[in-house]
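Features reported for this protein in TrEMBL:
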type: TRANSMEM; residues: 32-54; note: transmembrane segment
type: DOMAIN; residues: 93-282; note: domain 'ABC transmembrane type-1'
type: TRANSMEM; residues: 97-121; note: transmembrane segment
type: TRANSMEM; residues: 133-153; note: transmembrane segment
type: TRANSMEM; residues: 159-175; note: transmembrane segment
type: TRANSMEM; residues: 222-239; note: transmembrane segment
type: TRANSMEM; residues: 259-285; note: transmembrane segment
């Protein structure tokens, strides 16, 4: 447990100075981190304000304008039902980000406590939990999610739950590895000597030291969750029509590539930019939070 920082008598640490030091940190000097962070903020802004940014109702059909190319009225053209593709891409950001966040949230809420318990207690508890993870990790994540969704029925909610379960072993094992290191530290031994309960030691003292690993892994998993949700929707197992979703739009656009590639290109590009942005940001975050990299 880190010792509290002390300030020399009479010294002043204004908020302005703290802000300057934060902006001058190596993380903000990393151009890739800044670029990916700005792109993520833009994507979040689009998702939040899609109803105000979209020029048309994403579900409004006009068969007379079916499969139109890009124009002043329809920037990305229209799909086979005459729906405005630009509006559907904007609304698709809501579905995609919301789904990805819930997948990561489910995996964190289940995986983090199990990882802490597994690493702290060890023995049979650790062995049992790890054997379960071995079974789940024996299958490719998308294949396992495909099996779960096919068993319990297609739909956006089932796709989120299935991917959330699939991602649990990864975050759990990362937290377990950090817990194994932390439980041997002197501050944990001191807490035990003071007679603190296991629950208090785990969640009050060890968990805060896992935050960096959880943050980095969650950022990475969000990118993979967006990609996997798009894949399930592409296969018809995720979001169901007429809800705007990038994966389903890509599936629809694939059927009409020779006539008009706008739907496939727009949704595919949106998926690519979003996944790459979160992936790059996660990489930069990992480098920044790694003490060895920070020394370099």
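Positions of Cβ are set from backbone N, Cα and C atoms, glycine also.
Using a Cβ-Cβ cut-off under 8 Å and counting only residues 6 or more beyond its ends in the same chain, the transmembrane segment (259-285) has close neighbours at 27, 30, 32-33, 35-37, 39-40, 43, 67-70, 76-77, 79, 85-86, 89, 92-93, 96-97, 215-216, 219-220, 222-224, 226-227, 230, 246-247, 249-250, 252-253. Counting Cβ pairs closer than 8 Å to the transmembrane segment (97-121), the top stretch among 32-54, 133-153, 159-175 is 159-175. Through the fold, the transmembrane segment (133-153) approaches residues 159, 161-163, 165-170, 172-173, 224, 228, 231-232, 235, 237-238 of its own chain, all at least 6 residues removed from its boundaries and within a Cβ separation under 8 Å.
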